[in-house]
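Visitor: Structure provided below as C-alpha cells; questions to follow.
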Amino acid sequence: MLGFLEKVADYTKEAVSAAKYLVDGLGVTFDHMRRRPVTVQYPYEKLIPSERYRGRIHYEFDKCIACEVCVRVCPINLPVVDWVMNKETKKKELRNYSIDFGACIFCGNCVEYCPTNCLSMTEEYELSAFDRHSLNYDNVALGRLPTSVTSDPSVRPLRELPYLPKGIMDPHELPANQLRAGKLPSQIIKELQADKSEEEGKNNSSDMVPNKLNSTNK
C-alpha cells in the first residue's frame with residue numbers, strides 16, 4: 001500500500017511539472033499571438049526608426065576641438081583622438097578621430113556630453129562586415145551621412161507599430177497621406193514657438209492700451 005501511494009505521489013509531481021512547462025510554452029505562444037501579424041520583407045521593406053534612435057555615430061571634423069570629453073565619458077574609453085600641440089597658437093591640433101563600432105555599445109554618452117555638438121546619432125544600423133577591423137571608422141567614414149529610409153527609392157518605408165493610427169496593425173495597408181499617430185519633435189517645437197509668439201503679441205497689445213490712455217489724459 002505504501003509503495004502504491006509513493007507511485008501516485010511521483011505521478012502527481014510529474015503531472016504538475018508537465019502542466020507547468022505546458023503553461024510556460026503556451027505563454028510564449030499567446031504573447032506572440034498578440035503581436036503584429038505581418039512581418040517586414042527586409043531588405044526591400046524597412047521600418048522607419050524613431051526620432052531618438054541610437055544608430056551609427058556621425059562626426060563633424062571641423063567642429064571638434066580635441067577636448068577628449070567623449071573619451072572620458074565613454075564607459076570603455078572607445079574614441080581615439082589623435083592630436084598634437086601647436087606651439088605657435090598653443091592649441092590642440094586635431095589629426096585623426098576614430099571609433100571602433102565592433103566594441104561600441106551605442107550608449108550615446110559621447111553625443112550627450114560633446115561641448116561643440118560635433119557628434120550625433122544617425123538611424124544607420126546596418127554595420128555588418130566580414131572583417132572586424134573594417135568596423136573601425138576613421139573621421140572620413142564617420143563624416144558620411146547615411147541614406148534615410150524615407151528617402152531611399154529602393155526601399156519601402158514602413159512605420160513602427162506605436163506610430164500607426166489607433167486600430168491599425170498592418171503598416172502595408174496604411175495610405176501614404178495618412179496622418180501618423182503622435183507628433184514629430186519638429187512639429188511640437190513649431191507649435192510651442194507659435195504659442196509663445198501669440199502670448200508675446202497679447203502682452204505687447206495689453207501694454208499699449210495704458211500708454212494710449214495716458215497720452216489722451218495729457
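Glycine is treated like the rest: Cβ placed from N, Cα and C.
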Visitor: Check Swiss-Prot: it lists CYS64, CYS67, CYS70 as binding [4Fe-4S] cluster 1. Then name which of CYS107, CYS114 it lists for that same site.
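Guide: Record source Swiss-Prot; matching candidate: CYS114.
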Visitor: For the domain '4Fe-4S ferredoxin-type 1' (55-84), could you work out the same-chain residues 6 or more beyond its ends whose Cβ comes under 8 Å from its Cβ atoms?
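Guide: For the domain '4Fe-4S ferredoxin-type 1' (55-84), the nonlocal Cβ contacts are 49, 92-101, 103-107, 109-125, 127, 137, 139, 142-143, 145-146.
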Visitor: Name the one residue among CYS64, CYS67, CYS70 whose Cα is closest in three-dimensional space to that of CYS110 ([4Fe-4S] cluster 2 binding site); these are the binding-site residues.
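Guide: Comparing Cα positions, the closest of these binding-site residues turns out to be CYS70.
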Visitor: At a 10 Å cut-off from the C-beta of CYS110 ([4Fe-4S] cluster 2 binding site), count the other C-beta atoms across all protein chains.
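Guide: A count of 23.
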